[in-house]
Amino acid sequence: MTESRWYSTSPPAKLNLFLELLARRDDGFHELDTVMVAIDWRDELRVRHTTVPGVQLSVDWTDGRTSVAAELQVDEDNELLLVPTDDKNLVVRALNRLTETLRLEGGWEVQLSKNIPSGAGMGGASSDAASALKLGWAAACETQSDLSATLKNETLLSLAAEIGSDVPFFLGDLEADRVVQCAHATGRGEKLKFFTLANPLHAVVIYPAASISTAQVYSRCQVPDSPQSSNDLLRALQGITAESEFSLHNALQAPARGLSSRIDPALECLSKAGLTHCHMTGSGSACFALADSSQQAAIAAETLRSTFPGGALIRAVMSYVVPSEIHIA
Ligand SMILES: C[C@@](CO)(OP(=O)(O)O)[C@H](O)COP(=O)(O)OP(=O)(O)OC[C@H]1O[C@@H](n2ccc(N)nc2=O)[C@H](O)[C@@H]1O
Ligand SMILES: Nc1ncnc2c1ncn2[C@@H]1O[C@H](COP(=O)(O)OP(=O)(O)O)[C@@H](O)[C@H]1O
């Protein structure tokens, strides 16, 4: 066995444009109706297969720890900047499971450069894990010529769903083998119908320097008697109806607001910035609002950087594709 070349990609974050709770399941998970869009706020991940067993993961912040800490107005050793390098990191979990499933010899050298904050509801860890599965499969094919391409989608999908409810979304549309930006997700988030946006989405995202546990938010949520439906939004995003005819919704916003006092100021500032459809994404704490153009989003983000009280990462973003391209070096 030899070492593979380096495989790299840029795992994108996501926003939940809509999230409704349909039922609480016996296994503790919730049945969802959610609409996810990938955005161009991205980590960087490099993976190569090596002769040394295990996963050697190094993590840094692309903009530098000092700069991110300054934006968040916290010390450099604050837990908001801590990213695990052991098996708590979903990248390590993904590659270990891939090694076991494919019965690979050797291990992995991995470099992860973070941009996406953790505990933000932006799915950074899940996206990194999905990318690790894709890169790991590609690298393994280089050293193990007997890997069957027909097993690829089945294996990646089942490992992704095992690692987390959000991970399958970031694999993209494996069956149709096309790049897409959006999906309607049901089940616990793993049943996906991918679609292409009629028009790009522009938004401003505020991560208000607070990390929220997804499990804690779900433990405080309530399943409504009459759930709202994502149908109107799905039709508008696909250009079937006029784009103004939709509203966004997030059933996790109320329980998350009870866990962090940083969400309300983010929503208030976004709504005062001349943007529309202000909401929290996923289980929070990040909040977003839609803009008409990249220029409007950039101007609003700049203004918000000087008006938002306290530390925050504030970015103008637009819809992006899943999966992102793989490079080999
Ligand atoms: C809320 C969402 C919305 O997209 O995203 P994030 O805010 O985490 O990004 C997802 O449902 C999160 O997906 P993910 O972060 O992968 O969650 P998992 O690791 O599978 O589950 C963490 C915990 O959340 C709860 N959970 C998760 C998914 C779901 N459909 N119902 C749940 O009740 C369960 O208590 C579970 O133990
Ligand atoms: N690759 C990773 N990048 C960042 N955080 C990670 C990673 N793997 C595991 N974690 C852990 O996952 C948790 C949050 O995951 P993340 O997906 O970033 O947030 P959210 O579920 O809110 O979208 C944090 O506790 C963090 O320590």
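Every residue, even glycine, has its Cβ placed from backbone N, Cα and C.
As recorded in TrEMBL, the features of this protein are as follows:
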type	residues	note
ACT_SITE	K14	active site
DOMAIN	89-171	domain 'GHMP kinase N-terminal'
BINDING	P117, S118, G119, A120, G121, M122, G123, G124, A125, S126, S127	ATP binding site
ACT_SITE	D166	active site
DOMAIN	247-309	domain 'GHMP kinase C-terminal'
(message) Using a 6 Å cut-off on Cβ distance, which of the recorded positions K14, P117, S127, D166 come close to any atom of ligand 2?
(response) none
(request) Going by DSSP, give the three-state secondary structure for K14 (active site). (result) strand
(message) Please list, in sequence order, the residues in the chain of G123 (ATP binding site) that are at least six apart in sequence and whose C-beta is under 8 Å away from its C-beta.
(response) A13, K14, M36, I116, D166, F169, F170, G282
(request) Taking the Cβ of P117 (ATP binding site) as the reference point, list residues of the same chain whose Cβ is under 8 angstroms away and which are at least six residues distant in sequence. (result) L80, G124, Y207, S211, A286, L313
(request) Return the single residue from the binding-site residues list (G119, G121) that has the minimum number of other CB atoms within 10 Å. (result) G119
(message) Cβ under 6 Å from an atom of ligand 1: which of these recorded positions qualify? The list is K14, G123, S127.
(response) G123
(message) Taking only same-chain residues 6+ apart in sequence, whose CB is under 8 Å from that of A125 (ATP binding site), what do you get?
(response) N89, L90, S118, G164
(message) Name them in sequence order: residues not among P117, S118, G119, A120, G121, M122, G123, G124, A125, S126, S127 whose Cβ is within 8 Å of the mean position of the Cβ atoms defining the ATP site.
(response) A13, I116, G282
(message) For the domain 'GHMP kinase N-terminal' (89-171), how many residues does DSSP put in helix, in strand and in coil?
(response) 53 helix, 8 strand, 22 coil
(message) Let's see if you can do this one: DSSP helix, strand and coil counts over the domain 'GHMP kinase C-terminal' (247-309), in that order.
(response) 31 helix, 12 strand, 20 coil
